[in-house]
Amino acid sequence: MNSLSLLLFCIFFVFSTFAKKVYYEAENGKLDGVTVYKSDLTGFSGTGYVGRFENPGNSVTVTVEVPQTGMYDLTIVYCANMGQKINSLTVNGQSAGDITFTENTKFEDLNVGAIYLNKGKNTIGLVSSWGWMWVDAFVINDAPNAAKDVTSKLNPTLINPKAIPAAKKLYDFLKTNYGKRILSGQVGAAGQAGDEGQEIQRIQKATGKLPAVWNMDFIFESNDCTWRPQNPDITEMAINWWKKYQGKGIMSAQWHWNIAGKTGDFAFYKKDTTFSIDNAVTEGTWEYEKIIKDIDRVAGHIKKLQAVNMPLIWRPLHENDGDWFWWGNNPKSCAKLWKILYERMVNYHGLNNLIWLWNGKNDANTPVDYIDIIGVDIYANDHGPQTTAYNTHFDFYGGKKMVVLSENGRIPDIQQCVDQNAWWGYFQTWNSEFILQDSYHTDAQLKEYFTHKTVMNMDELPSFNVNSYEYQSGNNNNNSSNNNNNNNSSECFSIPLGYPCCKGNTVVYTDNDGDWGVENNEWCGIGNSSSAVVCWSEALGYPCCVSSSDVYYTDNDGEWGVENGDWCGII
């Protein structure tokens with residue numbers, strides 16, 4: 001193990017130490033609606049810079065050449081002296097995500113993160129969305145990055161130490177499959193839960209599958225709403241769905257929080273309501289009292305879900321990095337409102353079935369200690385893997401939080417996600433035309449994505465309706481390491497080497513230190529090598545069965561089972 005760790009370190013050291021930066025000047029690229037400038041601004045490289053991206057679709061594209069396929073760090077040298085701007089990055093003609101350019105007064109480097117480039121020539125472009133900025137150069141390293149480790153630093157437990165067993169099991173399930181599988185997901189009709197209407201019907205007809213992750217929206221459940229579904233109400237719908245599938249499904253929820261100010265009608269769009277988030281997070285105001293009553297109402301619904309052991313991936317205050325919702329584009333007040341929601345729901349109402357998903361701005365105000373999972377909403381013009389967006393969010397949290405596509409228009413190409421290490425925990429396509437119209441998804445595309453070997457659908461899920469469950473690793477302290485040292489050091493040689501002891505005894509590697517296994521995506525030492533059981537199927541390219549498995553086939557090698565849609569050796 002020591003030699004293996006040293007080898008990995010040396011590889012990373014070589015890449016990071018000797019990679020050189022190569023500049024590709026914007027003024028030498030292909031220009032569409034932008035102009036080359038050579039004065040006004042100073043501090044640029046080359047012979048000039050380009051701007052101003054005045055109209056949607058204006059772009060600059062450069063051709064770069066790399067020695068091998070891989071992930072390459074990209075830096076854009078820019079000036080945004082007309083205010084903060086958001087514009088779109090393309091790589092080889094595909095959308096790679098939106099880039100936020102912070103306001104400045106001179107040319108500065110913006111590290112965009114890693115992008116996937118093929119061996120040989122590739123194109124990198126910037127396309128106007130908000131426009132009105134200047135670009136000097138695109139800069140990449142001349143050697144690819146080492147592969148990103150997406151699992152080893154994940155928080156081992158939920159942030160709520162009182163989480164119910166069903167929520168613990170769901171989180172462990174998501175964590176265990178993160179970096180290996182991508183779960184399918186779909187949004188149904190507004191105000192519905194477990195809705196098997198036209199969206200689900202289209203998927204099932206085209207693919208023969210049901211999504212792993214379903215969605216509900218408390219859009220009509222605030223006190224100001226004058227209409228909401230009845231008989232059944234939204235909670236009854238969710239419970240009926242939970243019972244129908246015997247707990248073998250995952251439900252997510254957002255809350256388009258309709259609310260009225262002192263004048264005007266209720267709404268969730270900022271332009272349609274006079275309600276103030278700044279006042280709402282100030283105790284003693286009528287706005288504060290109003291949000292507490294709304295939270296209490298929704299909490300009453302979620303309590304009914306908890307009563308039947310139903311966990312919920314909870315996504316309130318979604319898309320708060322934008323300015324279209326009344327809670328958006330106000331980082332300090334939004335973070336404060338998030339904490340009010342958490343304290344009221346968890347500590348006051350005792351809602352311990354929630355997995356808290358943050359879908360918004362990443363900055364110094366982000367309430368990191370109140371977040372389990374990170375969600376990103378992307379409505380791209382193509383089926384690109386959105387690797388840049390994935391890396392930006394994953395890196396901000398230091399690899400401690402899973403990142404999912406909490407909303408998408410087009411499903412990202414699954415194989416490209418795998419190739420580019422964009423391990424979205426799940427995708428969740430919006431309803432209506434985004435899943436119904438061929439302009440977004442053809443039947444062939446849906447079948448390709450839902451039946452891809454990496455994608456997990458509802459038929460592969462276990463039941464999460466459990467009354468007892470302990471985390472597979474860690475404890476209820478997200479600041480601790482992922483090590484699960486259940487065996488004492490006198491029994492396990494790996495403890496002094498910085499690795500936990502294995503709970504099981506399946507050998508996947510042996511060196512001078514002893515026998516090693518892998519549990520929870522981490523090396524672990526097998527304490528009593530005399531009792532070790534060799535995973536014979538590893539040598540044949542197949543894992544050993546993790547749980548007890550029915551025998552599907554027997555040959556000269558041994559008995560075979562099936563887990564997660566793949567053969568596994570029974571030991």
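Glycine is treated like the rest: Cβ placed from N, Cα and C.
Annotation source Swiss-Prot lists signal peptide at 1-19. The domain 'CBM6' feature in Swiss-Prot is assigned to 22-141; the stated evidence is sequence analysis. Taken from Swiss-Prot, the feature domain 'GH26' applies to 165-459. According to Swiss-Prot, the feature substrate binding site maps to Trp286, Trp324, Tyr379, an assignment based on similarity to another entry. The active site, proton donor annotation in Swiss-Prot covers Glu319 and is backed by sequence analysis. As annotated by Swiss-Prot, domain 'CBM10 1' applies to 491-527. Annotation comment: Swiss-Prot describes 534-571 as domain 'CBM10 2'.
Overlay of Swiss-Prot feature records on the structure.
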residue	record	DSSP (3 states)
Trp286	substrate binding site	helix
Glu319	active site, proton donor	coil
Trp324	substrate binding site	coil
Tyr379	substrate binding site	coil
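For the pair formed by Trp286 (substrate binding site) and Glu319 (active site, proton donor), distance between Cα atoms is given as 25 Å, rounded to the nearest Å. Ranked by Cβ neighbours within 10 A across all protein chains shown, the binding-site residues Trp286, Tyr379 are led by Tyr379.
Long-range Cβ proximity for Glu319 (active site, proton donor), meaning a same-chain Cβ under 8 A and a gap of 6 or more residues, is found for Phe325, Gly328, Asn359, Gly360, Asp377. Sorting each residue of the domain 'CBM6' (22-141) by its DSSP state yields 3 helix, 72 strand, 45 coil.
Residues Trp286, Trp324, Tyr379 are listed as the substrate binders, and the farthest two of them sit 37 Å apart at their Cα atoms.
Around Trp324 (substrate binding site), taking its Cβ as the centre, 11 other Cβ atoms fall within 10 Å, counting all chains.
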